[in-house]
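The feature repeat 'HEAT' is assigned by TrEMBL to 23-61, 100-138, 177-215, 255-293, 337-375, 376-414, 415-453, 493-531, 532-570, 571-599.
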């Protein structure tokens, strides 16, 4: 597409009469520039130009110019479509907002989808700025023109405008709008029927209930039986809206039947959409469908021949089960749903297993301790040992949902051995998930058991070859110190930290510093002075600059957790020495720490 027609190169204004025309002249010049970026910049300055012109000239000249002469690259038109949605105050407010309709109507006809969609968004935005009379005189006739357009592009754009105009239309125009929408639902072009299907749900929420039952319901049934699966899949969402509205009406049976047909559609793409929306479908049906019927519809999706359908249906497991009637929920889950879920734990499609692992733990709070141990724990343990790392990771990330339900004995006997195995998993993200789960375990296990079974594991992570694991392990130390107290930390944790300070690997000495910083916030001033300051003093003379640099960083935090005397007698000399270091970074950070601590 080409830019605006060529005009003579504009010169700066010579007198006042020319000055009034100058902004629009500059705009025209920039909009015909060969550089797309310059044209984009010009369009982005439209609001500034409109302010310079004033509301009257903006309406009469700028908007007219944009309506008549802009044919440009799609990215320029996209920005223009967005800008016009915010132009109401620049054309004089709601009284004149209808003058924005012609350029937006043109943009709603453009071939590029994103431009049309943005134009429709802007039209929707300015619809409620119209008075009732302006809506009837300008906005609704524009919708009807778009709906009757020769090109499918205008007809698809029209579909998105019915819902914002219909509630304020007069009775005659409401009839015209309903008839036009019906025509779009039966359009020869699948793209138009798709657009109509996607907007049918919001239209159903603003149309009178009598017309919904007598007219819109038939449109929905037609779209739900369309020969194009791309149309049928978009009929799922309006089906949910219509069923929700018709809950207490005789016509519910027809809407229900159409929606059930979509859930069992021959096309996997339609079933996929139904699986994606199954929880909303369940909510829409409410008590108008018996539990066995909705559970059968759902479990059929879980057993679907297509992996993609099983995948998305698995992701909805927790939400669906939570929506079942409470009085019989446990029995339904155990007797009807879990027998279908268990095979999915070893599904040939790894995406199905990954999705299931992310939600299956959420059933534990719904079932309670005994049923979780009897029926869910075997699934958890099986998936904890799955060959796919993402499956193990998703199970671990949700362990808190189970550990809050089952008792300590079951946790230690069944889950703990599997967790300990995973602590040495070859995939570092799995190890990291176990590390991050450790504070939760510490909350649930008594101190002695934690010391015997898990403390050694926590200390081992401090020397893991992956930095993220080492960093997470130092954060655990802080939480353990808070839970078990300063004396326990002095006895069981700090000796290991001291060992790290003497390690040959400088990365481990760095981990020691991270541990010191974390522990200094949890063990009290006396313990910090007695146990942690000596470690810092030792490492301040380390031969690796990066270690000395991190000593200065650590002292910034540690200095906040000691008394004034320790700060002066112990911390200050170290910082003075580091401030004289040969390495600029060490020196600069030491000076920054001194300034912060005021020593």
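Heads up, the Cβ atoms here are built off N, Cα and C, so glycines get one too.
The model shown is predicted, which means the values in this text are computed figures rather than measured ones.
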Let me spell it out: take the repeat 'HEAT' (255-293), skip the flanking residues so only those 6+ beyond its ends count, and list any with a Cβ under 8 Å from a Cβ in it.
217, 220-221, 224-225, 229-230, 232-237, 239-244, 246-247, 300-301, 304-306, 308-309, 312-313, 316, 319-320, 323-325, 328, 332, 336
Other parts of the chain folded back onto the repeat 'HEAT' (177-215), taken as Cβ under 8 Å at six or more residues beyond its ends:
140, 143-144, 147-148, 152, 155-160, 162-163, 165-167, 169, 222-223, 226, 228, 230-231, 234-235, 237-238, 240-242, 245-246, 249, 251
Residues from the same chain, set at least six apart from the ends of the repeat 'HEAT' (337-375), whose C-beta lies under 8 A from its own:
295, 298-299, 302-303, 307-308, 310-312, 314-319, 321-322, 329-330, 382-383, 386, 388, 390-395, 397-399, 401-402, 404-407, 410, 414
Could you break down the residues of the repeat 'HEAT' (571-599) into DSSP helix, strand and coil, giving a count for each?
22 helix, 0 strand, 7 coil
Who are the long-range neighbours of the repeat 'HEAT' (532-570) in its own chain, taking Cβ under 8 Å and residues 6 or more past its ends?
494, 497-498, 501, 506, 509-510, 512-514, 516-517, 519-521, 523, 525, 577-578, 581, 583, 585-586, 589-590, 592-593, 596-597, 599
Suppose you look only at the repeat 'HEAT' (177-215); what would the mean pLDDT be?
93
Distal contacts, the repeat 'HEAT' (376-414) - CB-CB under 8 A, six or more residues away:
338, 341-342, 345-346, 350, 353-354, 356-365, 367-369, 421-422, 425, 427, 429-430, 433-434, 437, 440-441, 444-446, 449, 453
Secondary structure tally of the repeat 'HEAT' (376-414) (DSSP, helix then strand then coil):
30 helix, 0 strand, 9 coil
